[in-house]
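Taken verbatim from Swiss-Prot:
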BINDING   Gly10, Met11, Ser12, Gly13, Gly14, Val15, Asp16, Ser17, Met36, Gly130  ATP binding site
ACT_SITE  Cys106  active site, nucleophile
DISULFID  Cys106-Cys204  disulfide bond
SITE      His131  site 'Interaction with tRNA'
ACT_SITE  Cys204  active site, cysteine persulfide intermediate
SITE      Gln343  site 'Interaction with tRNA'
Amino acid sequence: MEINNRVAIGMSGGVDSSVAAYLLKKQGFDVIGLTMRVWVDHEAKAFDSDKSCCSLKATQDAKKVAEILGIPHYTVDLSKIFYDKIVNYFVNEYLKGRTPNPCVLCNRQIKFGELLEKAFELGAYYIATGHYVRKEYDEKTKRYLLKKGIDSSKDQSYVLYRLTQKQLEHALFPLGNYKKEEIRALAEELKLPVAKKPESQEICFIPDNDYSGLIKRQVKDEIKPGEFRDVHGKFLGYHKGIIHYTIGQRRGLGLSSDRPLYVVDIDVKNNVVVVGHQEDVWGEELISSNNNFISIEKLEKEMKVTAKIRYTAKEEEAIIKPYEEDKVLVKFLKPQRAITPGQSVVFYDKDVVVGGGIIERKLK
């Protein structure tokens, strides 16, 4: 496909993507607005919440903004493929005792996968989003780089670490050099109807934030009560089913103890939730699998990086090195709290994303 100036922007009906669309138009791009229709749990209590990025109101808001900006707008029904690839993954990970981040998978497979294909069909060379990240091309390595947004409080590079070189080639991130308050101020200046809209905090397909409720509705009979045991194997009581627990969790265990108890492991095979004290929750080493690298083609030798083990975590110094098959051994210089299988660990070299992978297990 020849490079052209047509760009399709994913519009969620929120402030960020709305202003991103305006900025692209101002820069001279031929802009098309696309809003994804994804599968949403209709039985969730807050299904029609205006805060949800998947509500009918959100789609109407996106259309309104597109009209104001004078750009065409289309709704793309991706509900079936979203359910098959994202919702099923989310549910199955919890059934395996893991805690997934569905946004990471959605960005690679849906937003920069299915939606990018739709952009191509509409004659666009680029797909854009309202993520707070930057993209650069490194002439030396001939690779596209993903860099943190300049607003450190809003940087979203963690959820985009799985993007491929082809996806990055076609990606535009208009907000990477802005701070959030500048974007909201611009929305107000433009008198966009979404200027004061609050940010969506929940996972888009679970508007009431009730993960276990969603999972129960999908799998029904597969969730069985089991035993709580301590780190020495001593029986402490019964749990409601492993989907209700994640590593580091303290609330909702229903166990009495002279010291606070935390989930430290989930033994799926035996349907046991292992609990321990605060010191049992910390670890320094982990194995990541299903890794994706951006600034380098492949990890071939030991490398010093900073890394974080969840979206809200602080980056910490670590050493990464190749492990058996295509896995990576990550050794942090300081202990990390609640290394959680299923979450992503993302590696950085200053403000550049080196890559990352899915946490398979804590080593020690």
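Any Cβ shown, glycine's included, is placed from N, Cα and C.
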Inter-residue C-alpha distance, Gly14 (ATP binding site) and Cys106 (active site, nucleophile) (nearest angstrom): 18
For Met36 (ATP binding site), the number of other Cβ atoms found within 10 Å of its own Cβ: 24
Largest CA-to-CA spread of ATP binders Gly10, Met11, Ser12, Gly13, Gly14, Val15, Asp16, Ser17, Met36, Gly130, angstrom: 16
Site of maximum Cβ density within 10 Å, from binding-site residues Gly10, Gly14: Gly10
Length of the line joining the Cα atoms of Met36 (ATP binding site) and Cys204 (disulfide bond), in Å: 11
Spatial neighbours, same chain, of His131 (site 'Interaction with tRNA') - Cβ under 8 Å, 6+ residues apart: Asp16, Gly149, Gln156, Val159, Leu160, Phe173, Leu175, Gly176
Shortest C-alpha distance to Gln343 (site 'Interaction with tRNA') - which of the recorded positions Gly10, Ser12, Cys106: Cys106
Pairwise CA distance, Cys204 (disulfide bond) versus Ser12 (ATP binding site), rounded so that it is a whole Å: 10
Cys106 (active site, nucleophile) CB neighbourhood, other CB atoms within 10 A: 26
DSSP-derived class (H/G/I helix, E/B strand, else coil) of His131 (site 'Interaction with tRNA'): coil
